[in-house]
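Contents: one structure, followed by commentary.
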Amino acid sequence: MNIKLSTTNQHIQNSIQITGSKSESNRLLLLQALYPNISIENLSNSDDSRVMQQALKVFEEPSSTLGVGLADIHHAGTAMRFLTAYFSIQKEREVVLTGSKRMKERPIKILVEALRQLGADISYELNEGFPPLRIRGKQLTASRVSLSADVSSQYISALLLIAPKLQNGLKLELEGKITSVPYIKMTLALLSTLEIETSFDGNIIKVLPKETVADTQLVVESDWSSASYFYSIAALSELGSEITLSSYKQDSLQGDSVLAEIYTQFGVVTTYEGTSIVLKKVKDHEDTTINCELANAPDIAQTIAVTCLGLGMGCDLYGLHTLPIKETDRLAALQTELQKLGAEVEITDKSLHLKPCETIIEHIAIDTYQDHRMAMAFAPLALRVTIAINEAEVVSKSYPDYWKDLERLGVRIVEI
Ligand SMILES: O=C(O)C1=C[C@@H](OP(=O)(O)O)[C@@H](O)[C@H](O)C1
Ligand SMILES: C=C(OP(=O)(O)O)C(=O)O
């Protein structure tokens, strides 16, 4: 489905309810499979959380009575990484864990090697280092492992999530510069909520074993990465515009909550009102170029780059070394699509540099490369120009109601 977006009014005033963080949801779903007396509220309605739930039920399916389950997690990176660890400890169960064409290009060797160090039985079905994987679950007896921490934090979170169910818990030694740190801290914080003991000192993480946990009811905070697109809309809207998003909290576990601070540079102020955040465009931006280090918040890089283009600002974004192995090579995709709109953009293997640009070319169709964030990040430009988004349905990976919610804010959307 290709769509065309336009607006007639840049004064935005409305409220949006966003569903739970997909990162928190997928962690809690895995923890719930390990500790069934956890209940979860405000779960994400994303495809990634839906495929996670389905995959966790793989052994209930009739086909698995033949002995081997087949779990397909499509494009969901967290599901792929977390379930690799989970299935490794499902004793006497065998599963083939696969995903989309792109998932088969996203590296997983660091995690597989770490699990093998712990004693796991995992083999590659197709290409060494990449999904699909065949996992024969067993009891893992080792409790110490070293792994590279500079490629994806999801490998670390995957190990931490199963750690309390290992006989002797787990001691991880992280090698290299640790990337996406808030996601590791989120995992540890969720374990702590279940009264599982953890520590994170320098490059060493420890988790103590815990066989059972108390009955626990957890409410997932709404998704901050999804909120980023409304920050962008607020930044591009008329002074005085206001968007209310729920349900959020000031002491978020999500690193992308740094948005509130970053967007002050675009004249957007955030206030916390109960369980809502109110984004208000209070002034015009002052700088012509902004500088951001995003190694701790890689998922908002696309949003920020597009906001800058919309405002005629430049940006220098650093810490983007993980972008080439996400849903698409996001650095290359961003460069191509920003250039189509008339921008001057340079990229390296870990940074993006956009020059301030006065005019945005109208009626451009943005290609989305099977990446939800390409579609969602470019859409706010509708406040400046008429723009088309190709394969708009990709948004369902994290935010199935995105287009409906944009319409609520007055964006006109037609299928083309
Ligand atoms: O643990 C998580 O929930 C995530 C970690 C990040 O990945 P990397 O650690 O691979 O950067 C992030 O980009 C992804 O969307 C979700
Ligand atoms: C990178 C992302 O997801 P994942 O790695 O879990 O597929 C994302 O949602 O931007």
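Cβ atoms are placed via backbone N, Cα and C, with glycine included.
TrEMBL: automatically predicted annotations, no manual curation.
Not measured: the values here are computed from a predicted model.
Features reported for this protein in TrEMBL:
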DOMAIN    9-406  domain 'Enolpyruvate transferase'
BINDING   Lys22, Ser23, Arg27, Ser152, Ser153, Gln154, Ser180, Asp299, Lys326  3-phosphoshikimate binding site
BINDING   Lys22, Gly77, Arg106, Gln154, Arg330, Arg373, Lys397  phosphoenolpyruvate binding site
ACT_SITE  Asp299  active site, proton acceptor
Those binding-site residues in Lys22, Arg27, Arg106, Arg330, Arg373, Lys397 whose CB falls under 6 A of ligand 1, listed in sequence order: none
What subset of the binding-site residues Lys22, Ser153, Arg373 lies within 10 angstroms of Asp299 (active site, proton acceptor), using C-alpha positions? Arg373
Anything within 10 Å of Lys326 (3-phosphoshikimate binding site)? Look among the binding-site residues Gly77, Gln154, Lys397, comparing CA atoms, and list what you find. Gly77
On the 0 to 100 scale, where does the mean pLDDT of the domain 'Enolpyruvate transferase' (9-406) fall? 97
How many Å separate the two farthest-apart Cα atoms among the 3-phosphoshikimate-binding residues Lys22, Ser23, Arg27, Ser152, Ser153, Gln154, Ser180, Asp299, Lys326? 19
If you measure between the CA atoms of Ser153 (3-phosphoshikimate binding site) and Gly77 (phosphoenolpyruvate binding site) and round to the nearest Å, you get 11
Where the C-beta lies under 6 angstroms from ligand 2, the matching recorded positions among Gly77, Arg106, Ser153, Asp299, Lys326, Arg373: Gly77, Asp299, Lys326, Arg373
Using a 10 Å radius on the Cβ of Lys326 (3-phosphoshikimate binding site), the other Cβ atoms enclosed count 21
If you count Cβ atoms within 10 Å of each one, which of the binding-site residues Arg27, Arg106, Arg373, Lys397 comes out on top? Arg373
Closest by Cα to Arg373 (phosphoenolpyruvate binding site), out of the binding-site residues Lys22, Arg27, Ser180, is Lys22
Filtered by Cβ under 8 Å and at least 6 apart in sequence, the residues in the chain of Gly77 (phosphoenolpyruvate binding site) near it are Asp48, Met103, Arg106, Ser152, Gln154, Lys326, Glu327
